[in-house]
Amino acid sequence: MTRTAPLIEHVDHGQLPCLRVTLGDAELVVARQGAHVMSYRRGVSAAPLIWLSPEEDGVKGRPIRGGAPICWPWFGALARNPADVQATYTGAEPPQHGLVRGVEWQLDAIDETESAIELTFEAPSDLPNWPHLVNLQLRVRLDDALHLDLTTTNKGDTALPLSQALHTYFRIGDIHQAHIEGLDGTGYLNTLESWEQKLPQAGAVHFTAETDRVYLGVPDLLAIADPVLERRITLETRGSTSAVVWNPWIDKAARTPQFPDDGWQEMLCIETANVLEDRIVLAPGKAHTVGVTLRSTTLD
Ligand SMILES: O=P(O)(O)OC[C@H]1O[C@@H](O)[C@H](O)[C@@H](O)[C@@H]1O
């Protein structure tokens, strides 16, 4: 008889303790470091939805290449963030993508039923050079889809500005043939050229070179159409109107750590974000949740 109720196992990926959750034909692996979704697949023979670099060997404290890194309390280079976000950090060398992807989160709760399982992780509260009182939780829910929800609660007595992203790496069949639907008509900043001038997206997003863009005014349903793997991955987002679209292409893949030289051909990132004009300013006592639900359907 096929087991349908969730099964949780403790497994290691290199030096990283992880939880592997199996539910029906779905399998999800989450590392405690960074509350980082490492992999997610549905169907034993299907390609994973989420791309994990084959060179990722799990070194403690080092950012994981692939999966779904959490960028928080800022996204990207701190110097590219609004001044109020920059001012929240008091150190000299701000790490790229914030402070929580290389640290161990605590597993707070496991809630399960016959058809769903939810893991709740909490980030450590004492982050270096970041003197603010917050509670940061990630809920990872697996049912007939995968749902990620990151909630920040301001426990301090002053307003807290922050930027963030669920930096999801997706597995695709071929970057030359996959495209992104849902961004037609939105504006984007090309971070490889000018961060100043907003350019209009016309039609679907196709990839022909290194791509690193911040889309603003993004709707809450995006999709990756993948004719090679004959599927469409949909992203339903919550609490976000910005998205970062990234593929390193040849040269940047070669200089990116734990990234195989040809890995750029089978991945792309759509990062559900709150960046630039979409950053969050949390009043004392208030909470904000940014979230995404991922599904895969057959490409019609
Ligand atoms: O190498 P990192 O820190 O994981 O960042 C990977 C990429 O993350 C993306 O979000 C950025 O837009 C890229 O510019 C960056 O290269």
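Keep in mind that glycine also has a Cβ here, set from the backbone N, Cα and C atoms.
Residues annotated as active site in TrEMBL: His167 (among others). Just so you know, the Cβ of His167 (active site) picks up 24 other Cβ atoms within 10 Å once every protein chain is counted.
Annotation note: Glu271 (active site) sits in a strand segment as assigned by DSSP. The active site annotation in TrEMBL covers Glu271 (among others).
In this structure, Arg65 (substrate binding site) belongs to neither helix nor strand by DSSP; it is coil. Within the same chain, the residues at least 6 positions away from Arg65 (substrate binding site) whose Cβ sits under 8 Å from its Cβ are Leu52, Ser53, Glu55, Glu56, Thr256, Pro257, Gln258, Phe259, listed in sequence order. Among the features that TrEMBL reports, substrate binding site is placed at Arg65, Gln96, Arg101.
Cα of Arg101 (substrate binding site) to Cα of Glu271 (active site): a span of 15 Å. Residue annotation for substrate gives Arg65, Gln96, Arg101. The furthest Cα pair among them is separated by 13 Å. Less than 8 angstroms from the CB of Gln96 (substrate binding site) sit Gly76, Ala77, each of them six or more residues away in the same chain. Taking the mean position of the Cβ atoms of Arg65, Gln96, Arg101 as the substrate site, the remaining residues of that chain whose Cβ falls within 8 Å of it are Pro63, Ile64, Pro69, Cys71, His97, Gly102, His167.
Ranking the recorded positions Arg101, Glu271 by C-beta neighbours within 10 Å puts Glu271 at the top. Classification of His167 (active site) by DSSP places it within a strand. Taken residue by residue with DSSP, Gln96 (substrate binding site) is part of neither helix nor strand, so it is coil.
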